[in-house]
Amino acid sequence: MTLCKSIGGILKYNRSLSRKKLNNSCDITSRNFSTRELLKEAYCRTKLKCRSKKLPQDVNPQGVFACNELDLSEVKVYGFDYDYTLAHYKPTLEHLLYNLGRDMLLDKYKYPSEIAKLEYKPDFAVRGLHYDIEKGLLLKLDSFLQIQFGAIYRGLTPVSTDEILKIYRNRIIPIAYVEGDTRAHKANRAKMVHLADLFSVPEMGLLCNVAEFFIKNHIDYHPEILFLDVKNSVQSCHPIMHKIVAQNLEEYIRPNVDLKKYFQLLQENDKKLFLVTNSPFHFVNAGMEMLVGPDWRDFFDVVIVNANKPKFFTEVSRPIRVFDKTANTHIWEKVTALEKGTIYYEGTVKQLQDLTGWSGHQVLYFGDHPYSDLADVTLEHGWRTGAIINELTHEINTLNTPSFKENANWLQMLTQLIEDHQDYKEPEAIEVISGWMTERDYLRNATKAVFNPQFGSVFRTYHNPTYFSRRLFRFADIYTSNIRNLLNYSLTHTFYPRRGVMPHEYGSYFV
């Protein structure tokens, strides 16, 4: 956009205006400047200011980030989930789950044989999307339940903004449609499913692949039935996946040499450790022996498998049982104490707290799922919580690129420029500002696509936090990409949340 023609002369003239700020009240037109020239000057001055600004410093991809103040000196007990918290999986696991789910659709549900040719697209979906089970749409919502236009798909095909507005009649989705009616005595009628864990990513890939096949081949299908079939197929394959992964650990699990070092640090400082996971013992044991060593259970004071979270955190009457790892079954005796070295099965968080005395802010629990891992323990039991978000490394590395920083800076300043001059009503002004809006749309799409071409960042829509971010920041005191990042901080470290800029506090975000 060549709007800086004659900028030298314009700026020289502007300096003669006693360095007065150029705004809507300036009577430039009386000095023979047209509105178009005034707007061009404002654009060029803003562009030069942006180019002169120093780019932000890089963010540490191994950093630990605080949503709430957390003093580690108060923490006496450290709890951990297993999948995607201690064990980080390679992309091969997504392919495995996709293939197992696709085969189940063929064998159990008798889907067309042609879907056997549908291959997994690993970069299609991201965590935190919503699936509208009535309309068959995969979409991204922000923290205000607004749809992010340009990120709605039916199958693998993007849906236009015009069509979406016809379907929903609004860009904001009612909360009852998204979350159901949570009032007492009201049936939960949520029409959308929030896909908030990493195991759901291959599930979304299979769902959209099959839907695209049906659409392209003019086969009628019911979106909710397809969703349930895919969900049940993928989830029912988890036992098969557990066996395959346990027998081929290096193919599916990323090594983490610092994990044992972190456990040793905690143990040497008299911290208690426990593990609560939904996965079965043989699967967890194989993975932990690879990650930590055959003595991994020596670090944990309590180990609970097949916990069936979130019910583990919400139910009160389900008894905890001893798991016999030799017989691969549970024992029917009543548990009156939790002993180190014994494997436990099911149970509830109430029993865990009653039998150990661990409660409140002395407990810090790490998990990857904002709901089933973190929400109830912080809201109902006062535990401190840490979220392990694998995608954070990719997100931060993308944020750190000079091109992204430059585009993000200019997007912010261009938006401010549009806001400051939007009340000009002359036809030539409307034409110029329309050009600015087109450039802004281009920048918004460019800063989105570098994270994921279809859906953008896990944490942000064009400008607002995502629905997933809203839940994460509410339920996690701290979050990071890997447990080992905690080794960079002492066990008495206090994590302080950054003082964010509220909309009413400063006239500019660039302070």
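Cβ atoms are placed via backbone N, Cα and C, with glycine included.
What TrEMBL says about a protein is an automatic prediction, not a curated fact.
According to TrEMBL:
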{"type": "ACT_SITE", "residues": "ASP81", "note": "active site, nucleophile"}
{"type": "ACT_SITE", "residues": "ASP83", "note": "active site, proton donor"}
{"type": "BINDING", "residues": "ASP81, ASP368", "note": "Mg(2+) binding site"}
{"type": "BINDING", "residues": "ASP83", "note": "GMP binding site"}
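The Cβ of ASP81 (active site, nucleophile) has 24 neighbouring Cβ atoms from other residues within 10 Å, across all protein chains displayed. Long-range C-beta contacts of ASP83 (active site, proton donor), restricted to its own chain and to partners at least six residues apart, with a cutoff below 8 Å, comprise TYR89, PHE199, THR277, ASN278, SER279, ASP368. Within 10 Å of the C-beta of ASP368 (Mg(2+) binding site) we count 24 further C-beta atoms, all protein chains included.
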